[in-house]
Amino acid sequence: MKKIAVLTSGGDAPGMNAAVRAVVRKAMYYDIEVYGVYQGYQGLINNNIKKMERGTVGDKIQRGGTFLQSARCPEFKDPEVRKQAIANLNNLGIEGLVVIGGDGSYRGAQRLNEEGIKTIGIPGTIDNDINGTDFTIGFDTALNTIVEAIDKIRDTASSHERTFIVEVMGRDAGDLALWSGLAGGAETVLCPEHRKDVKVIADKIQQGIERGKKHSIIVVAEGVMTGEECGQELKKYINVDTRISVLGHMQRGGSPSGMDRVLASRLGGYAVELLMNDETGLAVGIQNNSLSKTKFEDIFTSVHHLDEKMYELSNELSI
C-alpha cells in the first residue's frame, strides 16, 4: 500500500488530533503517503483532500478538537454520493482510509469498504458507547472535565445547602454519568440503561436530610431527561432548593488527557499496521489493555452494555 487517507467524522472528541498524528507518522515511517480529508465525509464528497507532511501534525498531540474538522453528512448514505467520494480517492491513488469517529462514522466506513476502499475505524467519541473497545478516544478527558465541574459545583452546593442536578452527555449510553458520578461522589446517577423513578431519588435525598446531610449532587445523562425536567419532577415529591447545571459542549473540548493521548497513539499506529497487512473492514480498540480488532458487522450487531458491577458500587457508595 502506497497511499492512505485519514478523516475525522461525527462529534469531535479530545484526542482525535493525537490519533491523526499517529496515523500520519506511522505511515510515513514506512514510506506511505498520507492524505488528510478535511470536514469528514463531506470533505470526501467535495474533494477537500490534501497531502500531509510530517510537520502537518507537529504540535497537534496536545490540542483538543480535530484540526481536520468534522461535519455531519447524512447524504453519504446515498450510493451515488459515495461514488463521487470513491472517485475522488481513486483519482489520487489512495488505497486505504482510516476513519476516526463513532457509530455513524463506522457505518460510512463499512459502506466504503464494501464498495472497494479498504477501511479501518478508530473509536473517537466522548460517550464511550462503541462496541469492540473498553474505552473510546475522548472519554477520559470528558470524564475529567465533568469531575472537575462536579467538584466545583459541590463547593457552592455545600455553601448554600442546595441540591444540584448536573446534566451530562450520553444519549443512549450512561458511561459518562456513571463514571463521573462515582468519581465525583454523587448521591444519585441517572443512566439511560437504568431509569430510576424520581420519587425514589426524592426519598433518598429526604433520608439524607434526616441524617443531617446539607446538600446533594445528582448526575443525569441527557438521554434520560434534561436537568430541568429532573428538577421539576423532584419538586413534586420533596421541598429542596435545586439548581441545574448543564455542562453541554464543554465536555467535548479541552486538551486531551495523557490517557487519551496514549490510547489515540496506540490505536492510530495499529490502524496503519492493519492496512499494511491488507486487513480491512475492521475497527480497532483496546480490550484488557491489549490492542484488538473487530469486524464492523460484529460491532453493529452487538449492544453496548453499562458496567453493572460499577453501577451497583455507585449505589452502594452513595448512601
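Note: Cβ is positioned from N, Cα and C throughout, glycine not excepted.
Taken from Swiss-Prot, the feature ATP binding site applies to GLY11, ARG72, CYS73, GLY102, ASP103, GLY104, SER105, supported by sequence analysis. All protein chains shown were included, and the count of other CB atoms within 10 Å of the CB of GLY11 (ATP binding site) stands at 21.
Annotation source Swiss-Prot lists ADP binding site at ARG21, ALA22, VAL23, VAL24, ARG25, ARG154, GLY185, ALA186, GLU187, ARG211, LYS213, LYS214, HIS215. In sequence order, ILE150, ARG154, ILE217, LEU317, SER318 make up the list of same-chain residues 6 or more apart from GLY185 (ADP binding site) whose Cβ falls under 8 Å from its Cβ.
The annotation Mg(2+) binding site is assigned in Swiss-Prot to ASP103. Mapped onto three states, the DSSP output places ASP103 (ATP binding site) in helix. A C-beta separation below 8 Å, combined with a sequence spacing of at least six in one chain, links ASP103 (ATP binding site) to ASP129, ILE130, ILE299, PHE300.
The 10 Å shell around the Cβ of ARG252 (substrate binding site) contains 20 further Cβ atoms across the protein chains shown. Annotation source Swiss-Prot lists substrate binding site at THR125, ILE126, ASP127, ARG162, MET169, GLY170, ARG171, GLU222, ARG243, HIS249, MET250, GLN251, ARG252.
Under the three-state DSSP scheme, ASP127 (substrate binding site) falls in the coil class. For ASP127 (substrate binding site), the same-chain residues 6+ apart in sequence whose C-beta sits under 8 angstroms from its C-beta are GLY102, THR136, PHE139, MET169, GLY170, ARG171, ASP172, ALA173, ASP175, LEU176. Positions annotated as active site, proton acceptor by Swiss-Prot, on the basis of sequence analysis: ASP127.
It is ARG21 that, of the binding-site residues ARG21, LYS213, has its Cβ surrounded by the most other Cβ atoms within 10 Å. Between the binding-site residues GLY102, GLY104, the minimum number of other C-beta atoms within 10 Å of a residue's C-beta occurs at GLY104. Checked against GLY11 (ATP binding site) by C-alpha proximity, the binding-site residues ARG25, LYS213, HIS215, ARG252 yield ARG252 as the nearest.
DSSP gives ARG252 (substrate binding site) a helix state.
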